[in-house]
Amino acid sequence: MASGDLERGAKNRGNNSNFPSFYVETAEKQWTSWLIPMFVVANIAVFIVVMYVNDCPKRNFGSERSCVAKFLGRFSFQPLKENPLFGPSSATLEKMGALEWNRVVHGDQGWRLITCMWLHAGVIHVLANMLSLVFIGIRLEQQFGFVRVGLIYLVSGFGGSILSSLFIQRNISVGASGALFGLLGAMLSELLTNWTIYSNKIAALLTLVVIIAINLAVGILPHVDNFAHIGGFFTGFLLGFVLLLRPQFGWVESRQFIADARVKSKHKAYQYMFLMAAAVLIIAGFTLGLVMLFKGENGNDHCSWCHYLSCVPTSKWNCENR
């Protein structure tokens, strides 16, 4: 997943990033990032556990198919024809908590909507997602703190799982991509709701839109769950209006002067309007999605063209298994 760094805080603390700075410096506090690195460690640790449970040599013993990187022992990978991402089998992923519609709806295993966020299909998958998480998440956590960024990450991943379950019901789904797209969506809404404090608004907006468009475009390839991306993105986009408000420019400094503090308000009226509208949409969206999911409805029955959002058939591949 491509990623970009669109912000630069007031206190740089030795950060020599080469990314452009669009944000007008203020006296806001900059946090120390620790939650995002913990998420990275947790995802990698879970992948190692999954590979241990997978135990390819034992499960493929006596088979014509051979495991990849046999020198790794029980941590060796499934045959590339089965999993080209250098990872475990689908059966192991399903056993460990992958998102599977039938088990969620008819097997009372709603917890899979959360556990699937911590599973990855292979080394390539987990490395791509974790690199993106580092580039996107650390800077957001430095700017807004672990509570808000952690909530956006987890709730966006959950939202992505709901949308994925509604539209993809014949395959399993795993990965942190929904949560990562939630962080991208939050970056976009943060830019919009804090529009007045950016020094180069159009450049910041275009940069972020291009990054998001590229990532969503990748999702139309086969075997990529773009519904998780889309669900996570819109969840994070709405949460950004609620959780990532910044005081208008000069408010922090004005608190030191009583006279100015009475004149300048902390937030603008449009920020509160965005917040209230986003909060209503989040509640309504999650309620509708969960009701439809646990009633066993198929989202494709209500949208005949939506399947193209996740896979566009070409002469090189088909999307019949979607």
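Cβ atoms are placed via backbone N, Cα and C, with glycine included.
Here the structure is a predicted model, which means the values were calculated and not measured.
What TrEMBL says about this one:
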- 109-244: domain 'Peptidase S54 rhomboid' (DOMAIN)
- 34-53: transmembrane segment (TRANSMEM)
- 117-138: transmembrane segment (TRANSMEM)
- 150-168: transmembrane segment (TRANSMEM)
- 174-195: transmembrane segment (TRANSMEM)
- 202-221: transmembrane segment (TRANSMEM)
- 227-245: transmembrane segment (TRANSMEM)
- 272-294: transmembrane segment (TRANSMEM)
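Taken residue by residue, the domain 'Peptidase S54 rhomboid' (109-244) breaks down under DSSP into 107 helix, 2 strand, 27 coil. Here the transmembrane segment (117-138) does not lie next to the transmembrane segment (202-221) in space: the count of CB pairs under 8 Å, restricted to residues six or more apart, is fewer than 3. Taken together, the residues of the domain 'Peptidase S54 rhomboid' (109-244) have an average pLDDT of 92.
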